[in-house]
Amino acid sequence: MSGIEQARKVSEGLAYSAGFGNEHSSEAAPGALPHGRNSPQRAPLGLYAEQLSGSAFTEPRARNRRSWLYRIRPSAAHPRFVRTGNGALRTAPFTETAADPNRLRWDPLPDPAPGTDFLAGLWTLGGNGDATQRTGMAVHLYSADTSMTDRVFSDSDGELLIVPERGGLLLRTELGLLSASPGQVALIPRGIRFRVELLDATARGYVCENYGQPFVLPDLGPIGANGLANARDFLAPVAAYEDREEPVEVVNKFCGNLWSATYGHSPLDVVAWHGNHTPYVYDLRRFNVIGSISYDHPDPSIFTVLTSPSDTPGLAGVDFVVFAPRWLVGEDTFRPPYFHRNVMSEYMGLIEGAYDAKAGGFVPGGGSLHNMMSAHGPDRETFEKASAAELRPQKIEDGLAFMFETRWPVTATAQAAGAGHLQRGYDDVWQGLSRTFRP
Ligand SMILES: O=C(O)Cc1cc(O)ccc1O
Ligand SMILES: [Fe+2]
């Protein structure tokens, strides 16, 4: 069986534990999980007990995150980390270019060099904040054709929201296995080690690295107790461990640099765990899309899947927003996204199909950046069509787009600002919007 076939077989049989923010618990060997206490004098089955904190010990209960891991070896037993190349990964603060008020759009990343795995295939587009201050975010893309086999990755700088666009991924994490294919997203918390195996010959997608407060489900306010992304559709892994006594490279992203250490065993050796600092996979097709059933186009905050709050209520470090299939029924309404200038900065990507504000040029795997206050909205063709359209109920079916919307401008990396796949002439999509004023 090829590696891909093996990974697919594994991904088809996966079990999960449902519910965003739950206190999950699981054991891959009977009796491995202690009961009644977290840290018995001797943990069951000769395992080592270890706490992994995702929040300060003292944060309010509603925000407190930690998991207890019961593992073959304690994480502390590792050799020294040494600096290794950062490849095309960059980290906040982003200072390589001047933040750009222009509207920018990119085609997909070029194909990877043969032998590129997920980690080597990460390419940073830009971001904001400061990883050492735990504020802001980065937008990365990835393009890979090879599974990680004898190495694992962990990101001390932030959590990773992985948005596959092409090719499925099998994520082998310390807490167990998840599979994420296009249309699904995976969330890997800060500090959790994982390996990415490919379920298809190539893999491509987007990553939001969130340096700030961990993503949570948005409050629903008057929407009520249900709707948008429902908590029970977020799936955490169940414990699954590797008992591998062979060299495994652990690559740790720490304050912007990659550091490597070769362990004599796999650190994915957690036999049981419990807690709420856990990865999730979520199927965007489960999103309960809420919109106007009378008139006007609602602001896209109504499509928020996950939000990373800041200290100011309602002002997110980053929101993850999805434009999923939905009905448009607004009467006397310009139905596509309106022309606008937004104090927030918007990076958009496309998972499949088309996006209702753009007739062309915004393609799956590509992306656009509309920074703070930059004027954008429907391109000319979309505007003309939608202004003349007959307003019957209309289903937007063919497309899955998303947005990382952040309170701070996104500064591009030098590689993104100078990329061959940066579209020159993006401004032209708004040219020719003719004068129709008739006083
Ligand atoms: O710019 C975009 O396409 C994103 C967006 C969508 C929408 O429906 C309303 C506002 C907005 O910024
Ligand atoms: Fe916008």
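Glycine residues also receive a Cβ, built from the backbone N, Cα and C atoms like all the rest.
All annotation found in TrEMBL is predicted automatically rather than curated by experts.
Annotation comment: TrEMBL describes HIS297 as active site, proton acceptor. Taking Cβ-Cβ distances under 8 Å and a sequence gap of 6 or more within the same chain, the neighbours of HIS297 (active site, proton acceptor) are GLY330, THR333, PHE334, ARG335, PRO336, PRO337, TYR338.
Summarising the annotation, TrEMBL assigns Fe cation binding site to HIS340, HIS376. Classification of HIS340 (Fe cation binding site) by DSSP places it within a strand. Counting every protein chain shown, 14 other Cβ atoms lie within 10 Å of the Cβ of HIS340 (Fe cation binding site).
Sequence annotations record features per position, and here TrEMBL assigns homogentisate binding site to GLU346, TYR355, HIS376. Taking the Cβ of HIS376 (Fe cation binding site) as centre and 10 Å as the limit, one finds 22 other Cβ atoms among all the protein chains shown.
Residues annotated as domain 'Homogentisate 1,2-dioxygenase N-terminal' in TrEMBL: 16-284.
What TrEMBL records for 285-437 is domain 'Homogentisate 1,2-dioxygenase C-terminal'.
Remote same-chain partners of the region 'Disordered' (21-43), defined as residues 6 or more beyond its termini with a Cβ less than 8 Å from a stretch Cβ, comprise 49, 51, 68, 70, 176, 216-217, 231, 236, 238-241, 271-276, 278. What TrEMBL lists as region 'Disordered' is 21-43.
Each residue in the region 'Disordered' (21-43) gets a DSSP state, and the totals come to 0 helix, 4 strand, 19 coil. For the homogentisate site, whose annotated binding residues are GLU346, TYR355, HIS376, the maximal Cα to Cα separation is 15 Å. Separating the Cα atoms of TYR355 (homogentisate binding site) and HIS340 (Fe cation binding site) is a whole-number distance of 16 Å. For GLU346 (homogentisate binding site), the same-chain residues that are 6 or more apart in sequence and have a Cβ closer than 8 Å to its Cβ are SER368, LEU369, HIS370, ASN371, HIS376, MET403, PHE404, GLU405.
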